[in-house]
Amino acid sequence: MQNLRSIPASCKWSDFLNNYRFQSTNAFLTQNWCALAWVCSVTLNLYLNVVKELRTDQYQLAYHFTAWGVPFILSCLPLFGDLYGPAGAWCWITDEHVAWRFVIWYIPLFSLIFLMMLCYLRIIYVAKQRVITWSGTYDPGRERSKIIMAEEIKPLKWYPCVYLAVSLFPLLNRIHNAFYPSHPVFILTLLHVMSAPLHGLANTIVFVLDKETWSQLTMTSLRVALQSRLCDSTKITEYHPASVRYMSQIDEEDSDSGDDTTILFSMPSMTLRDKEP
């Protein structure tokens, strides 16, 4: 949704584009940074899984609330002050309110990118240490999960770099506009226009270049993933030891009584009381 702002984006192409409602809608989509919020959520989820070794299934609603709600609230703030309007190539916060651009966009943007880079450095370090080190009882499943997790980190670690690359020229252009609003630089504006809508394409290229991702994009893998997500009826129930009965007790009762019990083991010549420590 955020990249819809690149569809006829210029606010000066026609009378329709000069309409206030269109300008506000286009500016709202420009300001909405839910894509970045989801990248941060993925990074946080991976950090909790790898570094803290925590299950994060219970955080799904929190992720949705944060990734959709926080950007929505920040995008609504300029509406109350009538701050949206023509701002260069796109409708955004006008040139008369430059401070708002940095407070609710560029400062949070580059702060989050910096934090994500630190998180991924920590994630990569911890994942590699767990792959090359061994301690305790050998668990094949655990060792396999370590290797799988390390493979999954490979494409994800480029998310912050992608955002940094496509946000660099827009930042430089906005800084120049803040100091010289009446003297725009054509090359900076051109690079801004070309790089700003490329978030989705850049993320796609990252995944296309990952061989492991291509190996998993088969019809069988997609069908199994879809079935496990939608059609899995497996139920995990608690085991109650009170229903366990021993063979020595069953011999004294009628075998046809229909009592649903579990036989733990059978030792006809020995009862539980006969066992010696």
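Positions of Cβ are set from backbone N, Cα and C atoms, glycine also.
Given the structure is predicted, the values throughout are model-derived calculations rather than measurements.
According to TrEMBL, the domain 'G-protein coupled receptors family 2 profile 2' annotation covers 1-126.
Residues annotated as transmembrane segment in TrEMBL: 28-49 (among others). Counting residues 6+ beyond its ends, the transmembrane segment (28-49) has Cβ neighbours under 8 Å at 1-5, 55-56, 59, 63, 66-68, 70-72, 74-76, 78-79, 84, 90-93, 104-105, 108-109, 112, 115-116, 119-120, 122-123, 149, 152-153, 156, 159-160, 163, 199-200 in the same chain.
Annotated transmembrane segment per TrEMBL: 61-80 (among others), in sequence order.
Positions annotated as transmembrane segment by TrEMBL: 100-121 (among others).
If you look up TrEMBL, you'll see 156-173 (among others) marked as transmembrane segment.
Taken from TrEMBL, the feature transmembrane segment applies to 185-209 (among others).
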Mean per-residue pLDDT computed across the domain 'G-protein coupled receptors family 2 profile 2' (1-126):
79
So what's near the transmembrane segment (61-80) in sequence-distant terms, Cβ-Cβ under 8 Å and 6+ beyond its ends?
24, 27-28, 31-34, 36-38, 40-41, 45, 93, 97, 100, 104, 108
What same-chain residues lie close to the transmembrane segment (156-173): Cβ under 8 Å, and 6 or more beyond its ends?
36, 39, 42-43, 46, 88, 106, 109-110, 113, 116-117, 120, 123-124, 185, 188-189, 191-192, 194-196, 198-199, 202-203, 206
